[in-house]
Amino acid sequence: MSHCNVPALIEPQVEMGSVDEAENKTLFKLEEDAKQTKEASLMEQGSLSPIFPQHITKSPKNSVLKSIKIVILSNKLNLLLPFGPLAILVHYMIDSKGWVFLLSLIGITPLAERLGYATEQLAFYTGPTVGGLLNATFGNVTELIISIFALKNGMIRVVQLTLLGSILSNMLLVLGCAFFCGGLVFHQKDQVFDKGLAVVNSGLLLMAVMGILFPAVLHYTHSEVHAGSSELALSRFSSCIMLIAYAAYLFFQLKSQSSSYSPLEQETNQNEEASDEDEDPEISKWESIIWLSILTAWVSLLSGYLVDAIEGASVSWNIPIAFISVILLPIVGNAAEHAGAIMFAMKDKLDLSLGVAIGSSIQISMFAVPFCVVIGWMMGEQMDLNFQLFETAMLFITVIVVAFFLQEGTSNYFKGLMLILCYLIVAASFFVHEDPQQG
């Protein structure tokens, strides 16, 4: 009897098991279908992309007053904005070059920071790669405008020293502060960044040093074929080559290497869903463009007064023009980069910090410097790449030091502190350095 009952007992169990399996499969299929339907609808709405699978960009609709409140009244640094109009008043009423320079310098500081803010807002609509390029471009617009005004006034050394100072400031002070602050927040570990990208960037900076070094070596070895003209001709030729190299670098980043940003951004979005939800733009795309135009125009106006007062300020304060150009002007011009790089490092996004600091140095050395040589050529000014021996040596050593710090692909607060201390040595050197062309 027991043998006869075994099949009868087993058979219902098998049937029950198959029913459970069938139900599970059906439920799983329904869940998959629902998930696919949701993803399809999101794709149709344009809110899901292969690069940003969880990021939804909502374009806000602000009134004019609300837009002014967001851009102008939301930041405490904007309390310095009235110093700009005050500088213009002092220029026409007292004509004290020292005060005009100081007030213009203070007035430009919040404008440089707001340019960075407006660029970040625009970057929400353009994606990370184009956004990074925009950030570097508008972050350097202050130095470019100051340089063009100085070039127009025939102040070639001020142009050279301002651009050189901006490169040194970005590589040592901005990157150093980012490493230092990020290292303090994450002191229990070494922060990591893309080693391959850092090596490429170091190579580009060394190419820029090559372009600036050779005209200086040609001049100081007295080996020119045509004295006075060969150095200028080499500078103009090298500038055109550097501009071509920079265009190739942009193409490489935006086209050839655009896919390399996908895994990084995807991982960032997956790990930080909560923070990404809060990172929506505060102003619309057109508001960002309009504010960028207004701020750039205002920076241009103040830069004219600033450049006009540099020599007078140097005399009244008894400070070398080299120190004013290399140290004071770039600190103001790099306000946006400084804040952005530190903020990204404290969020453990060191690749973005490097993009801001080193990307900005590359743009100045490979684009702004040769661009000013070409613009000077068009204006009839003999702007060249001979930055003099002292300044060229300073740049060469700085690029080598930074390249060594970047080669491991890791950072900590000690590395940041070393870069900041290197910058203090640079600043002290320019304070006691008398420029031979102005001394």
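The backbone N, Cα and C atoms fix where each Cβ goes, glycine too.
Summarising the annotation, TrEMBL assigns domain 'Sodium/calcium exchanger membrane region' to 99-254 (among others).
Marked as domain 'Sodium/calcium exchanger membrane region' by TrEMBL: 288-430 (among others).
According to TrEMBL, the feature transmembrane segment maps to 77-94 (among others). Through the fold, the transmembrane segment (77-94) approaches residues 100, 103-104, 106-111, 113-114, 298, 301-302, 305-306, 308-309 of its own chain, all at least 6 residues removed from its boundaries and within a Cβ separation under 8 Å.
Annotation source TrEMBL lists transmembrane segment at 129-151 (among others).
The transmembrane segment annotation in TrEMBL covers 163-186 (among others).
For 198-221 (among others), the entry in TrEMBL reads transmembrane segment.
The transmembrane segment annotation in TrEMBL covers 233-252 (among others).
Annotated transmembrane segment per TrEMBL: 289-307 (among others), in sequence order.
Same-chain residues lying 6+ beyond the ends of the transmembrane segment (319-345) with a Cβ under 8 Å from its Cβ atoms: 101, 105, 108-110, 112-113, 115-117, 119-120, 135, 138-140, 142-143, 146, 157-158, 161-162, 164-166, 168-170, 173-175, 177-179, 181-182, 185, 191, 306, 310-311, 313, 352-353, 356-357, 360, 391, 426-427, 430-431, 433-435, 438. According to TrEMBL, the transmembrane segment annotation covers 319-345 (among others).
Long-range contacts of the transmembrane segment (352-379) within the same chain: residues 132-133, 135-137, 139-140, 143-144, 147-148, 151-152, 156, 159, 163, 166-167, 170-171, 174-175, 178-179, 182, 193-194, 197-198, 201, 204-205, 207-209, 211-212, 235-236, 238-240, 242-243, 245-246, 249, 334, 337, 340-342, 344-345, 385, 402, 406, each at least 6 residues beyond the stretch ends and with a Cβ under 8 Å from a Cβ of the stretch. Feature annotation from TrEMBL assigns transmembrane segment to 352-379 (among others).
TrEMBL lists 385-406 (among others) with the feature transmembrane segment.
Positions annotated as transmembrane segment by TrEMBL: 413-432 (among others).
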Problem - Considering the transmembrane segment (198-221), which listed stretch of 163-186, 233-252, 289-307, 385-406, 413-432 counts the most C-beta pairs under 8 Å - result: 385-406
